[in-house]
């Protein structure tokens, strides 16, 4: 009997492959860094071949290290950085342009024009999204316009579009399957989340030929099998979800009202709203949390573009630390009398502001400000932004009021300083799970659910285990003062935009 699920986690800065046991623990892991390219201000790209080669290499390495073969693998589950856009040749699988990464802002002017022309209401009603360069539609349009002959080839059916999951699936299956799942489709700004189908009006608006698009399937579904030459025998691919939705599944947030927040390069908080999509009045987005057996579960989502990236800035930009973990120690040494605020709008502000043109700033600097105060400001910025998201969720969903237990995951959740400060500023408990690889676990669970490797969601949820609960320790008046200082800083920046 197969003993593992092979989970592929293709992220913004690295690709990983992990073997997951039936009890949800990790048996083996392989990881490779993924280069990014910044051809101009606000532009972020990756080579499609780097994405593919790192994923394939990690899969082969993890199988070799564990001494297992295809017969030991029940299924493959894929999770991926969302919105990142690729267009490739169907005949060869070769991309016609570098992947345009979700952080890329080059289409901000196009988005502003569409908003000014009054298209925002239609897009919001059909997709649950706000018009923003973050999503895939304007990235696709840019590639079709920039690459000579691309539009004509797309209309002839010679090209294929996909987010990273779809591209990997195409390559893994030897070009036999061009498909995606409902969560990734819901991030394109082309997908009607109510009907569960590509929307002809939006395809016309963005100039995207239908022939370019992948088939949309459930998150737990039959996605084909790997080409036998890759691993020596075919391995079925049975699960797929965007990284944040996969983390929600891995956190067992299956009940309406449950909230998780993932801290990686960015920060993404999702609130399960059940089988009814909730239209946000506070500039959150409505998205598909997961789709199983044809039934869609929806979520309200707030997206923050800079979380762990702020720590990377301390390390790589300011050269203040050598390793990300040092930021905790440094922040703990900060002078509490200095109220330094960092608004890390390096690539604009995400939810609930959605201001792509705003840039970052520091407030409250004095002659005494040093590395410790800057480190604390970087970590607190993540907490402040999370508070903005949770407040918006409270206001949007009638079932969400009062203190919320927040389940956290992602690399930055390992920071005790940040998680404690998050609980302090939220005025609510923050729960860190024993298994922090929740994104991988979610992808593995979806694949395992499809083939009976894992139990139904209600039983799976009983296995969720707490590692530590952070409880608020900040006085109410101090919390209110700190949040007011943050919001004043944000308003100052927005007023200059």
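Placed from the backbone N, Cα and C atoms, the Cβ positions cover glycine too.
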ADP site partner of 12, 16, 308, 411 (as recorded in Swiss-Prot), chosen from 54, 265, 273, 369: 265
Same-site residue for glycerol (record: Swiss-Prot; known: 82, 83, 243, 244; options: 134, 290, 298): 134
Where residue 82 (sn-glycerol 3-phosphate binding site) sits in the secondary structure, as DSSP reduces it to three classes: coil
Which listed residue (13, 244, 265, 312) has most other Cβ within 10 Å, given these are binding-site residues: 244
In three-state DSSP terms, the structure that residue 308 (ATP binding site) belongs to: helix
Binding residues 12, 16, 265, 308, 411 (ADP) - maximum C-alpha distance in whole Å: 18
Cβ neighbour count (within 10 Å, all chains shown) around residue 83 (sn-glycerol 3-phosphate binding site): 25
